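For 75, the entry in Swiss-Prot reads active site, proton donor. Residues or ranges marked as 5-amino-6-(D-ribitylamino)uracil binding site in Swiss-Prot (evidence: sequence analysis): 11, 43, 44, 45, 67, 68, 69, 100. According to Swiss-Prot, the (2S)-2-hydroxy-3-oxobutyl phosphate binding site annotation covers 72, 73, 115.
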């Protein structure tokens, strides 16, 4: 069974709480166990706790959830881009999948609410698939013919 952790932003709570609910439902549907749900103040804060989560033996992958709503400035772009960059860095460094379920930048509140289910489900599905494929790849042995991992 794949064990995932979820890190969810509290900012734009009306959106992110729905995302968390959909993510938990989808993880159960896929047969994954959610070992941790960690709340952080905002999307920009997500990378702060990722290293601690990926270091845990009972975490095979991490799902990040958040919503960066467009404002009058380009602040949403800075927040979303920097968080995404750091999330990917930590995933590559740790060797554990960390998926991006972050709505934005450039989304208004209505668009964010419309994307809740899609972003949450896709992030969970990607985490589960990557964790399973990573395990399969570790156990795979080349024996003269192409090894397909899907």
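Cβ from N, Cα, C; glycine included.
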**Request:** Express the distance between the Cα positions of residue 11 (5-amino-6-(D-ribitylamino)uracil binding site) and residue 73 ((2S)-2-hydroxy-3-oxobutyl phosphate binding site) as a whole number of Å.
**Result:** 17
**Prompt:** When you tally the Cβ atoms that lie within 10 Å of each candidate's Cβ, which of the recorded positions (75, 115) has the highest tally?
**Reply:** 115
**Request:** Run through the Cβ atoms and count how many others sit within 10 Å of the one on residue 43 (5-amino-6-(D-ribitylamino)uracil binding site).
**Result:** 30
**Request:** Can you see whether DSSP assigns residue 67 (5-amino-6-(D-ribitylamino)uracil binding site) to helix, strand or coil?
**Result:** strand
**Max pairwise CA distance, angstrom, over record-listed (2S)-2-hydroxy-3-oxobutyl phosphate binders 72, 73, 115** = 22
**Prompt:** Which of these recorded positions is closest to residue 44 (5-amino-6-(D-ribitylamino)uracil binding site) if you go by CA atoms: 72, 73, 75, 115?
**Reply:** 75
**Of the recorded positions listed as 73, 75, 115, the one whose CA lies nearest the CA of residue 67 (5-amino-6-(D-ribitylamino)uracil binding site)** = 115
**Close in space, distant in sequence - residue 68 (5-amino-6-(D-ribitylamino)uracil binding site), Cβ under 8 Å, 6 or more apart** = 12, 43, 76, 79, 80, 83, 102, 103, 104, 105, 107
**Complete:** The most crowded of the binding-site residues 67, 69, 72, 100, judged by neighbouring Cβ atoms within 10 Å of its own Cβ, is 67
